[in-house]
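Per TrEMBL, these features apply:
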DOMAIN    58-473  domain 'Major facilitator superfamily (MFS) profile'
TRANSMEM  54-72  transmembrane segment
TRANSMEM  92-113  transmembrane segment
TRANSMEM  125-144  transmembrane segment
TRANSMEM  150-172  transmembrane segment
TRANSMEM  184-207  transmembrane segment
TRANSMEM  227-247  transmembrane segment
TRANSMEM  287-309  transmembrane segment
TRANSMEM  321-342  transmembrane segment
TRANSMEM  354-375  transmembrane segment
TRANSMEM  381-404  transmembrane segment
TRANSMEM  416-438  transmembrane segment
TRANSMEM  450-469  transmembrane segment
Amino acid sequence: MTNDIARLARALVHPPRESCLPTVLTPQTRQSASTSAATSASAGATPVYPSARYAGYVIAVLFAATLLSQLDRQLPALLVRPLRKEFGISDTAFSLLQGYAFAIFYTLAGLPLGRLVDRGNRRNLIFVALLFWGAATALFAFGQSYAHLLLARVGVGIGEAVLAPAAYSLIADCFTPTQRGRAIAIYYVSIAIGSGASLLLGGWLLATIPPHGLAIAGIGSVPAWRLAFVAAALPAAPLALLLLLTVREPARQEVAVASTGMETDENASIRDFVRYLRLHAATFFRVLTYPALLSIIGYGALAWAPALFERNFGMPPMHSGPVLGLIIAIAGAGGTLACGFLSDAWMARGVTAARFRVALLGSVVFALPCVLWPLMPDARLAFALLFVSVFGLGIAQSAAPAAIQAVVPNRMRGQAIAVYLLLAGLLGIGLGPTAVALVSDHVFHRDGALGYAVACTAAPAALFGLWLIGSGIKPYARTLAALHDAQQRR
């Protein structure tokens, strides 16, 4: 695992020649790329994938973009107290800022953007998205009212909506099916690292910047929380430029005939996609719903963990933030990598429904710890159980993108990932933080009961998610076999 990550880091610093500037900019090479794409997509053609070195570089750039998106998305979790104090808001109002203000527009924008991903230039879409959400993050830092903060979070949600569908689709066209699980897992690590980095950065800033803020010539005193958002917004523009100059749009692979008999090329319509989902309803009900339930647990815990450790154990965010950041980064990344390598190993051995079966293992690991950690009387026990919970959640959640892409034709992948993100966004990113806040405010009626609110939210989601995965192995295997047979007949 360490060697794979090290190779990706070296690739980011030293881009391979395949992605050099002339490949992106000259009309001749654009024409060549278009011809290559058409050739590989033509009937009967054997898919031609990019070199391993270039494919690794693409993942490295997408890794960096996703890390930044997670940083911009999760940073408010560490700043509950200063935001509540400055704007006079409740836990529930903060949860809307952290959750639904972002999630509703993130998910609604994801549907048409997923369609664009299936039809358009994915590299260019990510370029525009990076600039857009970076600007929205900077605007959050200068917000003067709660309404301003809500609007800025809406902008972050719209900008980030394109990244996941485009990134997963790009990766699928850069790696063969037997390599795809590990490739997606390595990319997915950036989500865990980005979530952890947001807590590490926020904790570091709160520890180093005076509580009254930092005096800047010509501006005056700037609070620490505003500086944190400015710092999070700065890398967006240079990273967007790096993507534009060094990554090219790859040829779309594995154009196949779905088992419905329709041709799944660039003309595959929304009606075709819905028909395909209905044909395999038992599979897609489970494979698209279980990540949403697990997201309720993950985002609920992530949004409120710093506040929980402060309220229950008297540990301020400047102390709990770095510990939580390391737990999320290490355990989340470890679970994600374990998922990718294990699913590829099971695929190589011919294990039935290998991509989906890995999610069952992860769910068994985290189901009990995710309920127990917020109830612990000692901070060290809470941290330890949270580590196990995040590790298992990393396995189960990171199995979803590869599992979904394995059972949909190429030209439907962007739409499938968009639906996956829609459900995970509305239920996880949106409902997760808000459900915890509502239980805390309206059931227990006191700040000190936050741990009980987290546990009460996690328990039913964990049980239902475990049932969905366990009961979904057989229908998933049938869908996978049907798609494989359709591709073979073609």
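We number each residue from 1, going along the chain as drawn.
Glycine residues also receive a Cβ, built from the backbone N, Cα and C atoms like all the rest.
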Need a quick answer: max count of Cβ pairs under 8 Å to the transmembrane segment (354-375), which of 54-72, 125-144, 381-404 is it?
381-404
Three or more CB pairs closer than 8 Å, sequence separation of 6 or more: does that hold for the transmembrane segment (54-72) against the transmembrane segment (287-309)?
no
Would you mind listing the long-range same-chain contacts of the transmembrane segment (416-438), meaning Cβ under 8 Å and 6+ residues beyond its ends?
73, 90-92, 94-96, 98-100, 102-104, 106-108, 110-111, 113-115, 117, 161, 164-165, 168-169, 273, 277, 288-289, 291-300, 303-304, 400-401, 404-405, 408, 450, 453-454, 457
Proximity of the transmembrane segment (184-207) to the transmembrane segment (450-469), 3+ C-beta pairs under 8 angstroms
no
So which of 92-113, 321-342, 381-404 is most in touch with the transmembrane segment (287-309), counting Cβ pairs under 8 Å?
381-404
Using a Cβ cut-off of under 8 Å, list the residues of the same chain at least 6 residues beyond the transmembrane segment (321-342) that approach it.
1, 78, 181-186, 188-189, 191-193, 195-200, 202-204, 206, 302, 305-306, 309, 358, 361-362, 383, 386-388, 390-399, 402
